[in-house]
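The structure under discussion appears below in the form of structure tokens.
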Amino acid sequence: MLRKLHSIPGLIVGIFAIVLAISGAIMAIHPVLERSQAVVPAASELSVAQLADRIVSHYPGTEQIKRTPSGSVIAYYSNDGSAGAVLINPNTGKAIAPYEPSRFFRWVKDLHRSLMLGDAGRGAVGIAAALMTVVCLAGLLFLVRRQGGWRNLAKPLKGTLAQRLHTQIGRVTVVILLLSALSGTYMSATRFGLLPDASLKEPPFPTVNHDAPRAPVGDLKALRSVDLAQLEELVFPFPDDPQDVYSLRTSRGAGFVDPVTGALLSFTPRPVPSGIYGLIYQLHTGEGLWWLAVILGIGALGIPALSMTGTAIWWRRRRSAPKSVGHSRDDADTVILVGSEGNTTWGFAEALATALIDGGLRVHLAAMNSLAGSYPKARRMILMTATYGEGDAPASASGFLDRLERMPDDLKLPYTVLGFGDRQFPAFCGFAKDVDHALARKGWPRLIAAEWIDRKNSQVFNRWSRRLGESTGLKLSVNHTPERPATQPMTLLDRESYGEPDSPIFVLRFRPSASGIKNTRGAETRPFEAGDLIGILPPGSETPRFYSLASSSEDGVAEICVRKHQGGLCSTHLQQLQPGEEIDAFIQPNPDFRPTTGGSPVVLIGAGTGIGPLAGFIRKNGARKPMYLYWGGRNPNSDFLYRDVLTRCLEDKRLSELNTAFSRVEQGHYVQDRLLADASRLRQVINNGGQVLVCGGREMAQGVMTALDEILAPLKLDVSALRAEGRYLEDVY
Ligand SMILES: Cc1cc2nc3c(=O)[nH]c(=O)nc-3n(C[C@H](O)[C@H](O)[C@H](O)COP(=O)(O)O)c2cc1C
């Protein structure tokens, strides 16, 4: 709902908003320019009478004096029948320069106010401003929900490049844009009579008829009591008309001044709506507040960027919108319900549904929010859902748990949950886990155990589909890789072997083909870093296997560290690969797994082949920031990976400390034991702003987390808190 409230009006006002924003940004320059030319005396330094006196001494034919909100004073005068206008220095009453309002700014102002279309244009601009208010508010609330609450608003962003750009620009500019949109809406509403009249009315014209000569303007009492800072306009009486008087407008109100006695003849104070209008006008235009004009201008420039990135996000969502697959609810034997916000989970669900239908099942595929009270022929239910916020439901599953609560107790289908999430979030697959628990509490039997998929890992999805197949008597192996990457050949340059015969490990170095390594979009490679991923397609498979890179593009090679798994299609292929032979591969950036820039210390923790990217980070530590490595292997004689590299880095201080733990030696122990033994040192490093990066298998990562929670407890800290600050990063497989 919030997203629709954001995106639909957003798309409608997109073009309008760009025109209004660019013209607004140009107009914002005006107060700044004006302020730079104006000479503004300090408040209470000069009265209107003194100013008028100075001006008249230089321009005896003065007819009108105006003060703009920026503080510029302009005198209009006539001299021997010809009229002129000058910008005045109030300190001397002399001209600074002839006054010529810019035609260009006037044109831009017309465009901004009415799109050059008169009242119809003004109406359209007013509606666009109101829609912009809705877009800003809905966008802000949507962002708060996605980020998991107001206090997480400033947290690092997730999502595609367009999503991150859109959110980042929105986050910085939303307050300014809301101010512009709300004030613009108010001004339009006032103009069209939807709000009380805000104009300042002059009092009735007084009757005077003097024969006596007029007093010098500098002596007029009523003008002596008005500070220049309050002046808006002073109109002089006609020289030969004994009934004419001075007309005065100030920030306080409007009135007339007797040119002979200097008395204030009548005065209307500024009504409240007019005062409010003036303030809102100032907030909208920045007139008189040059610094606000600068902020408003910068904010307005965010709009074209927001419109473009917003349209890109919308288009991508549309393209990946779910297609209807399968049978009706009443007819299906297998129900797949999907919880998704960015639509990628639908892609996985459709691939699964298609495979199950090909296998002869009758599948009903729908959103989790459409959970119904009965599925007459169903024999199983598969729930596939993403997680947002801090463990919250995605859009298409927001009402699922409530619906489930109200469901009749007699419906109990064998079910399984497949969660899609991202381990960088404290509540990894939090919503999928809630769904799994809720169904278990209702007494539904489990079809197969739940599985949690990190960052849309197609390999884990494929493995899970095979397990699901076994439970349904089908031979399933579903491949789905969101954004099918463009692969390219890479040649194996050399290999080093480690490990024991039952579990060999090898370090492989590939050379990108002559045209360079390509990234996931198929473009020529941008530089890659250690910690990025290489996706390798083993022959005969459509599902890429991902390995963390231990090198960066500067090294000219893509280096990985692989353990051979029993029956593993890709690792077996890589084990047999000989130098000179090629693989089909692509690079996938993994910017979430990198040491931060700056001098904060880094604790690197890994086991087995997890050393790959960690060794890469150490090799690149030219700045010599403190890096502490904790690594677990099996046996130092067979699988001490990167021993030489690490020794060299210790010598030249790229690595501060190397702590190893070997499990298959006498008194063997694991890396988490090594951490516990070093508890006080680790507390110190983390207290000094240290960051922790963990790479390796899931079990090891779980053990490390438990150990660190114990270590950090005296600091009243835990891994979740570090993770929330972006100081605990994992690359786990
Ligand atoms: C703003 C945002 C918040 C997220 N919050 C979480 C979270 O709390 N826990 C989690 O495991 N994954 C989280 N994720 C990751 C998504 O659940 C994951 O990318 C999922 O595959 C998206 O599926 P979808 O495209 O179908 O919505 C978040 C992603 C974004 C963009």
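First residue shown is number 1, and so on along the chain.
The backbone N, Cα and C atoms fix where each Cβ goes, and this holds for glycine too.
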>> Checking feature assignment: transmembrane segment per TrEMBL, candidates 165-187, 418-440. Which range matches?
In response: 165-187
> Apart from its near flanks, which chain residues at least 6 from the ends of the transmembrane segment (289-315) lie with a Cβ under 8 angstroms of it?
Replying inline: 7, 10-11, 14-15, 17-18, 20-22, 24-25, 28-32, 34-36, 70, 160, 162-163, 165-166, 169-170, 172-173, 176-177, 179-180, 282-283
>> Quick check on the domain 'FAD-binding FR-type' (485-596): DSSP residue counts for helix, strand, coil, in that order please.
In response: 11 helix, 48 strand, 53 coil
> By a Cβ-Cβ criterion of under 8 Å, what residues six or more beyond either terminus of the transmembrane segment (12-33) are in contact with it?
Replying inline: 69-70, 102, 105, 108-109, 111-112, 115, 124-125, 128-129, 131-132, 135, 180, 184, 285-290, 293-294, 296-298, 300-304, 307, 310-311
